[in-house]
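Per Swiss-Prot, the features are:
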type    : residues                       : note
BINDING : Leu121, Gly125, His126, Leu127 : (6S)-5,6,7,8-tetrahydrofolate binding site
MOD_RES : Lys229                         : N6-(pyridoxal phosphate)lysine
SITE    : His228                         : site 'Plays an important role in substrate specificity'
Amino acid sequence: MYQRNILVEQTDPEVWAAIQAEDRRQEEHIELIASENYASPAVMAAQGSQLTNKYAEGYPGKRYYGGCENVDVIEQLAIDRIKQLFGAEAANVQPNSGSQANQAVLMAFLKPGDTILGMSLAEGGHLTHGMPLNMSGKWFNVVSYGLNDKEEIDYDALEAKAREHKPKLIIAGASAYALRIDFERFAKIAKEVGAIFWVDIAHYAGLVVAGEYPNPVPFADVVTSTTHKSLRGPRGGIILMKAEHEKAINSAIFPGLQGGPLEHVIAAKAVAFKEALSPEFKQYQQQVTKNAKVFAETLIQRGLRIVSGRTESHVMLVDLRAKGITGKEAEAALGKAHITINKNAIPNDPEKPMVTSGIRVGTPAITTRGFKEEETRLTANLVADVLDNPHDEANLEAVRAKVHALTSRFPVYR
């Protein structure tokens, strides 16, 4: 028998100390990694509930185990809410991650050796879209599209490659592309060559919900996403699809890839989806894009080059070559100043993937903690200050003090 008042700090002081240290890091550091955000206390409470104890192989109303009547209610709520958010015909909320959601799409529609057409990882795509070391690159014949000389998706070249290679599946979506994607044009190309059209909106999902980024659901056969990042939920994945594909996708998730779903995480997803249906969430996403625009403009004013020259979303790539430092060096220097960011390859990057010539910046997390244009401009200037003198310890100390002054005014959790 367990007593409900027994806490981690009593039973495992070592783990508790690390949790507390991470809590301090999140509160005291400015988070600019585009794929990170802060889940609400309600989302975290749902994920930490007794639902973690329940096995529930199958789907609502069709379970292998008994005693699933309560998790059925929760999972159906999550399904109904995510369908409402995106206007989707059908949805699966069981994927444990975005990568597993993507694997399910490949399993549902393809056989090993089939041809897929996805965005090159070197020009902004994601590793699950055909990177050679990923399952998607090992099992399938991969053809890649990329950017034109304006660093925008080259739709003409994409169309030509689709006609030449006749892929069975075409992928839209990226992990490091700041501009809007023309999903309607993608859909027309896919229809012309008889391909399944799949969109991965892991980065853009929250913006889509709020109307700040185009919604691919009316055009795509299937759409995948993570549930953290801009959706601000727990770590996990979802799949949206046309009703005709529901059976194939559901079978690919279970029993194809997963066994018992994580119902405590699905409960947290349901809570996050309800939050995303609120007017406040739309206002939040509007501020995310405002902050991103201000951040990019400020960095440009400070002499830095933004890939594509602008952002039309929450994210931007910064070319560091003019500063004479690598992305790896910038990440380390900014980390010392308590600004968390990630190194990132830029198009046609001459550096190795673990070094890079750029960094990726995103505004979802700083917007969650309450930053508006003024605080965002200040943050961008602090980033530029570090990049101007990345090896000057006095400079890093001065920036760190300003970071702490700012984060103390805008706590993540009060």
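Residue 1 is the first one shown; counting continues down the chain.
Glycine residues also receive a Cβ, built from the backbone N, Cα and C atoms like all the rest.
The structure displayed is predicted, hence computed values, not measured ones.
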Quick one: pull the CA-CA distance for Leu127 ((6S)-5,6,7,8-tetrahydrofolate binding site) versus the residue listed as 'N6-(pyridoxal phosphate)lysine', whole Å only. 17
Within 10 Å, the Cβ with the most other Cβ atoms among the binding-site residues Leu121, Leu127 is that of Leu121
Once near-sequence residues are set aside, which residues in the chain of His126 ((6S)-5,6,7,8-tetrahydrofolate binding site), 6 or more away, have Cβ atoms under 8 Å from its Cβ? Asn102, Met119, Gly173, Ala174, Ser175, Asp200, Ala202
Roughly how many angstrom lie between the C-alpha atoms of His228 (site 'Plays an important role in substrate specificity') and Gly125 ((6S)-5,6,7,8-tetrahydrofolate binding site)? 19
Listed in sequence order, the residues of the same chain lying six or more positions from the residue listed as 'N6-(pyridoxal phosphate)lysine' whose CB sits under 8 Å from its CB are Ala34, Ser35, Glu36, Asn37, Ala202, His203, Ala205, Gly206, Pro364
CB neighbours of His228 (site 'Plays an important role in substrate specificity') within 10 A? 26
Same chain only, sequence gap of 6 or more: which residues have a CB within under 8 Å of the CB of Gly125 ((6S)-5,6,7,8-tetrahydrofolate binding site)? Gly118, Met119, Met131, Ser144, Gly173, Ala174, Ser175
